[in-house]
Amino acid sequence: MTTIYISSKQAHNFDDYTINKIGVPSSVLMERAALAVCQRLLESRNFNLKKVLVVAGIGNNGGDGIAVARMLYLKQVPVKIYLLGDREKISKDSRIQLKIAENYGVPFVSNIDDLSSYTTIVDAVFGVGLSRDVTGEIAGIVDFINNSPASVMAVDMPTGLNADNGNIMGTAVKAAETVTMSYNKLGLISETGRKFAGVVTVADIGIYEP
């Protein structure tokens, strides 16, 4: 695959083309994304998987994270999920992932007031689609994550980092590594983006440009 850097709009358009024109189900892309993140977590020396927390939003980025948690759980990795947001408003594909995780018995936590015991945190709150500043409860969670001793893996983009220019949208997760899907993002190659994304892996999950 040719190395190119894309914007959030291009990422959306490429997703739409792959799903609606090519016919690859969005759920398949979500599984591939989660598998790429899971594999990187298992192979990287930056992560101690003694105790893992996946912080998942209610959009598709969160669905990726929930699937990561399930894959780790099935490999006997001690992992829990914190779902950030109203589960009644969760996206369609993420709802499917949530049900699968529950059926497998992946444990959930209702609060994350104490992150000191976790060795790895997976940031799956917001991906490339973030268009507003991170505030309120989510900003508080970002601060919790950044102040924890855990190493952080970001899914697609660190939460709070603008995918187009790397600007911080209010506040942002500082990750040790980021697995971004199919194409690198413009925001990840900016000075700030590199600082907050850490080591970037571009995972080929089968999304292509029109």
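Glycine is treated like the rest: Cβ placed from N, Cα and C.
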### Site-mate of N60, N61, G62, G63, D64, G127, V128, G129, L130, S131, R132, D133 for (6S)-NADPHX in Swiss-Prot, selected among D16, D156, D164
D156
#### Entry: Candidate from T135, T159 that Swiss-Prot assigns to the same K(+) site as N61, D123
T159
## Note on the structure
R132 ((6S)-NADPHX binding site) and T159 (K(+) binding site), compared by Cα position, are separated in whole Å by 11
### Entry from the binding-site residues list N60, D64, R132, D156, T159 having the most other CB atoms no farther than 10 A
D64
## Note on the structure
Sequence-ordered, the binding-site residues among N60, D64, V128, L130 whose CA is within 10 A of the CA of T159 (K(+) binding site) come to V128, L130
### Task
Would you mind pulling the DSSP three-state label for V128 ((6S)-NADPHX binding site)?
coil
### Query
Name the residues of the same chain, 6+ apart in sequence, whose Cβ is under 8 Å from the Cβ of G62 ((6S)-NADPHX binding site)?
A56, L83, L84, G85, I90, S91, S94, A124, V125
